[in-house]
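Peer 1: The structure under discussion is supplied below as structure tokens; questions concerning it will follow.
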Amino acid sequence: MSPEKPIIDLDSILAELGQFGRYQVQIYCFILLPILFNAAYSAQYVFAAGAVPYRCKVPECEVSPPEFDTDFWGVWALPESGGRCDRLRPVGGGCGPGSFHANETLTCDSWVYERDHTIVAEFDLACEEWKRTLVGTIHSAGVFMALPITAFISDNYGRRTALIMTAVAAGVAGVARAFSNSYVLYVVLEFVEATVGAGAYSTGFILALEMVGVNRRVLGGNIISSTFALGQVVVALTAWAFPYWRTLTLIIYAPSILFILYIFVIEESVRWLISKGRKKEAAKIIFKAAAINNKKLSPETIKILNDESVVEEETKSPVKELPKKSLAVQVLRSKTIMTRLCVCCFWWITLTFVYYGLSINSVSLAGNSYVNYILTSLVEIPGYCLSVLTMDRFGRKASIMTAFIVCGLSLVGLPFVPENIIWLQTTLNMIGKLCISMAFSSIYIYTSELFPTEARHTLLGACSMIGRIGSLVAPQTPLLMTYMESLPYLIFGIMACTSGLLMLLTPETLRVKLPDTIEQAENISKKPQNGTLNGVVTST
């Protein structure tokens, strides 16, 4: 009988290397940069396709060039509604008080814009609000398409390959969009850019997570989430300084083309290499990480990493193993994995729906639009800090469940606050945004821990892709206010509370080793025996 084959226990090796040592810090520094840019890409359309005040052009009264401010003549030339899409019918050719019918209007065919720095003025989108809001929906549709494509590339060709491809492709598509000469071309390139580039966040997240030790996953994940929030602040500041949409687009997209140089500085995920049987490459990176972290590996670890007997036994053994079942078939046949997948999908729909819905419906924050956006982005960071403080202390389930339920209760209570108590409305809205941000950051970590290495990115991508349904629907929630003004907040709150209760159906993963196979993932919820969890070693 041949001796038992040595198995590489990466989490034990990471404990020897240092769970968040100098090597991991270097990797994070490289990964955080494309994530910062990815955040800017996800928010740029808010400013590039921002609403601009406009009015009908009244040829009889306009100066050359036309000015948005009508001074005195707007009182008799424009209807009381403001004259955005129609104007009073002229009687003659003058611009006096008696030159327009008081009760007859004409549909406008040209407009004057207060500012010309967004696509609304550039492509003359006045009185076609649906075209402006469609840009955000098109972007979300592109993200919807991006996630499974990026997940396939990541799981089959490597995290490093997927990260570089998505980072560079987004830069190329974004620069091309800056030269759009029509609305149709603009939205097509918006879709293309999101499709080829939106996966950079999930790829970078997984690449970083897979090289961090069990006890530093939460910290590492929330560093990435905070970087994403700062990326949104950066795009708001950039848009404030360079409001013209073409200039803004070029400034934030052009540098991404340089991410092609990451070929020389970023290394592949060791966990992915091991899962693909590429032990030599994985061992080389591990030895390099040990040297950078100034750590000495144990003789047993060095022996396992240098041992070639595993490959030789597999190739020389006369006993042939039965063909391994298709990964997709294994997932579909596993009731445990499929239940988790369905629950996770609902979580993700809730997260994107509430997160983006709150941003769209935040009417309590008045004033400078750039400052408002910066504040709503910065409030996410305390949520991520709470995630770091609670996830490892109280567990994944308790932390995320609390975030969902507090968010839900604050939003359900919001419609019952009197209109004149604006500070309380703002407070509840900010609590909701803080808690949903905490849940969003935590769910990335928790979802990654529920699924096995061999299908982690594919299943995480599936959850995130289906979750984009929420971001597709969120822009339409203001329409619900025509039926009931508080309806959007009630829906947000009910979905958040429901998601919190669904946490009862999934296992706790605190200090549990990342599962590598379907079987290990299924057995996470089983009680450990002698320090193991059916092959999944738990930390002490």
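Keep in mind that glycine also has a Cβ here, set from the backbone N, Cα and C atoms.
So TrEMBL lists these for the protein:
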type	residues	note
DOMAIN	91-511	domain 'Major facilitator superfamily (MFS) profile'
TRANSMEM	25-47	transmembrane segment
TRANSMEM	162-179	transmembrane segment
TRANSMEM	185-209	transmembrane segment
TRANSMEM	221-242	transmembrane segment
TRANSMEM	248-266	transmembrane segment
TRANSMEM	337-358	transmembrane segment
TRANSMEM	370-391	transmembrane segment
TRANSMEM	398-416	transmembrane segment
TRANSMEM	487-505	transmembrane segment
Peer 1: Rank 162-179, 248-266, 337-358, 398-416, 487-505 by Cβ pairs under 8 Å to the transmembrane segment (25-47) and hand me the top one.
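Peer 2: The stretch with the most contacts is 248-266.
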Peer 1: Taking only the residues in the domain 'Major facilitator superfamily (MFS) profile' (91-511), give me the average pLDDT of this model.
Peer 2: 84
Peer 1: For the transmembrane segment (487-505), give me same-chain residues lying six or more residues beyond its boundaries with a C-beta closer than 8 angstroms to one of its C-beta atoms, as numbers and ranges.
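Peer 2: Same-chain contacts beyond the ends: 339, 343, 346-347, 349-351, 353-354, 357-358, 361, 397, 400-405, 407-415, 432, 435-436, 439, 477-478, 480-481.
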Peer 1: May I ask for the residues of the chain that lie six or more residues beyond the transmembrane segment (162-179) and have a Cβ under 8 Å from a Cβ within it?
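Peer 2: Distal contacts: 31, 34, 37-38, 41, 146, 150, 153-154, 186, 189-190, 192-193, 196-200, 203-204, 207, 246, 249-250, 252-260, 262-263, 266.
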